[in-house]
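These notes concern the structure reproduced below.
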């Protein structure tokens, strides 16, 4: 859905995201080819009522917290079932897609990170920026946004557990400088489970 597409586009270098239809009438129109569509907001033109669909709130996690003038931050997610070295199909957000995220440094110096759980079960994870980290949990099919003060533009290091049998070490470092450093999300329950095998 919406959040998956927005996260993927921002992580691929897009500087914005436009919805085809943000507001339509109760029939899903009007449009130039006379077909019906869905939208984040539907309006009943007879009663004057407005209905906000879930995608309205999903869009808000980006439009409210990632303000104009923000700079995208490299956001690493791993390891989750999605990121096992297999190519991902664009547009998927299913039970096996797990945790997804994008981050941005806002003009006010704060970092905003949108986290999406495409899975059917809650995921416990750790959100790191440099030496700081918090443990959190996200329900299935949910989105959360975290906003916090940036540590600055000094080189920061984040580590993510490697996958057994992948040829990578158990702890593979990522180092970089990117206007506030690297952000890392770990599906730490899955990582601990992998170490036990």
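Counting begins at 1 with the first residue displayed.
Each Cβ is built from the backbone N, Cα and C atoms, and glycine gets one as well.
Any TrEMBL annotation is an automated prediction that lacks curation.
Annotated domain 'Glycosyl hydrolase family 30 TIM-barrel' per TrEMBL: 2-66, in sequence order. The domain 'Glycosyl hydrolase family 30 beta sandwich' feature in TrEMBL is assigned to 96-146.
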DSSP tally for the domain 'Glycosyl hydrolase family 30 beta sandwich' (96-146), helix/strand/coil in that order, comes to 0 helix, 34 strand, 17 coil
Could you count the residues of the domain 'Glycosyl hydrolase family 30 TIM-barrel' (2-66) that DSSP puts in helix, in strand and in coil? 20 helix, 9 strand, 36 coil
